[in-house]
Amino acid sequence: MALKLLFQCSPCSPSSLAPLQPVLVLVRPPSGAKARRNLRCCASTQVTELMTARRSANYHPNIWDYDSVQSLTSDYKAYTYLERVEKLKEDVRRTLQEAVGLLDQLELVDCIHRLGVGYHFDKEIKEILKTISTEPNNMGLIDGDLYAMALYFRLLRQHGYEVPQGVFNRFMDDSSSFKASLCNDVKGMLSLYEASYLALEGETTLDEAKAFTYRHLRGLKGNIDSNLKGLVEHALELPLHWRVLRLEARWYIDTYERMEDMNPLLLELAKLDFNIVQNVYQGQVRKMSGWWKDLGLGQKLGFARDRLMEGFLWTIGVKFEPQFAQCREVLTKINQLITTIDDVYDVYGSLEELELFTKAVDRWDTNAMEELPEYMKICFLALYNTVNEIAYDTLKEQGVDVIPYLQKSWADLCKAYLVEARWYYSGYTPTLDEYLNNAWISIAGPVILVHAYVSMIQMITKEALLDCVGSYESIMQWSSMILRLADDLATSTDELERGDVPKSIQCYMHENTASEVVAREQMRARISDIWKKMNKDVALSPLPQPFKAAAVNLARMAQCMYQHGDGHGNPHRESKDHILSLVVEPIQLMES
């Protein structure tokens, strides 16, 4: 690779790692030409510094000021609010117990979940659904009611019960197509559309249901109830099964308030609970902001993205419930380290430096730091100390040494980063399969999920760790692959412009001589297919339910964060609005 010097040599400082100030510009060499990557610049007899070519990503600056983050607070930690929530929970619990009709029970359970307060009633909801699943006469009660049948199917599948796709055969004609008369039942069509996203591989009836309902819901005309119309538009933008739970709760609270059959006590509980949990988030993000400032990595490595608030948003998406505060704090730290190290590999480090850093992480030994340049020493030590501290807390609380598993996940990540760096520096375009076999690891999903596991699962054993994270369970692969493809769909063009390895879209185009439009459609189809695989794992995997939920939620968060562009690397209006709604701005309560 040829290097082009753009300035007069002057005294060089290894600590000057500011963005937008590349020392040299990279120019790809002609095919077969040898790359010359390093230039020694001597400004005086006392100062001799090896100059290495640096790329610039032109990332947007951090939009969340430290002092503003530290000032976040609310009144919803007051005892009067907490006392009121406990009273409302008892009222809603009584409502659950008194609901007797099958459809009434299903609608109440669905509403409680969508409002974000289902975690308060896990025991009651499990008992209701268990009873519903074992009652032989239930099919007869909702036979012919598409809305009720689809709601029954979706809720039971969401909670791990086996419900065959054949329950929808009664809504199909002799040619195995859905009856045209169903198009008049908008509520039923919407319910079937949402249910179709719980499909497993090979369930062609549900594939047909999705295509049929999507086609007709898209073409709705005439006078439709405004609330129902809003629900349809919301579902067509992104189905409920793919949505981030806490963001969905915030949206649905506003929607539910406008419904004629709204339960005011349930609505009040949802609003109060949202604000109280938001207060928990504010305390956490203040703590994490202080940790990040004290770590000093953002100030020292000015080329890297500073995305603390966006990183914290990811953790809410993965586990929003207040009892998983430790998991969110661990993942916030991990997200910051991932973002920084990703920028070291993608933007700042030379290939030689990246080889050394990968070896250091693989060895997990501070002695390996000796060969690293100064900025990498800082980065490695921040990683080493943070991960070891997480492992120490786990050892102290559970008596299990998790360092080998955490270290392995980081070593695998850095090795995957290095593969992509080698591809970039050699100008190599991998096949799509070759790319994806590496890319589901390089997107850092396994690192996130391994750390999520050790920070939220009680009674960890070495055997369970080995089964779960030692070889990366398939549910981790599916979640990570959705994360990768969603990222590629949003960021591949920008990443190629700043200099990066071809992504899945470009690999498909190169391998199949296809247009970008076709390649993007293929990646979206892959995401849909992978969701079916993950649905199966959620139902059948013996892994702890909180961990399976975290894996699913990571995929949901990916599709949210990259739905309108790169909501992490270059935060857009939507990601800012998500942070404001979940962390900053409480829901206004009605005056009593």
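Each Cβ is built from the backbone N, Cα and C atoms, and glycine gets one as well.
According to Swiss-Prot, the feature (2E)-geranyl diphosphate binding site maps to R305, D342, D346, R484, D487. In the three-state DSSP scheme, R305 ((2E)-geranyl diphosphate binding site) is classed as coil.
Taking the Cβ of D346 ((2E)-geranyl diphosphate binding site) as centre and 10 Å as the limit, one finds 22 other Cβ atoms among all the protein chains shown. DSSP assigns D346 ((2E)-geranyl diphosphate binding site) to a helix. Swiss-Prot lists D342, D346 with the feature Mg(2+) 2 binding site.
Residues or ranges marked as Mg(2+) 3 binding site by Swiss-Prot on the basis of similarity to another entry: D487, T491, E495.
The transit peptide annotation in Swiss-Prot covers 1-42, and the record cites sequence analysis as its basis.
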Secondary structure of R484 ((2E)-geranyl diphosphate binding site) (DSSP, helix/strand/coil): helix
In three-state DSSP terms, the structure that T491 (Mg(2+) 3 binding site) belongs to: helix
CB contacts for D342 ((2E)-geranyl diphosphate binding site) [other CB atoms within 10 A, all chains]: 18
Candidate with sparsest Cβ neighbourhood (10 Å radius) among R305, D487, T491, the listed binding-site residues: T491
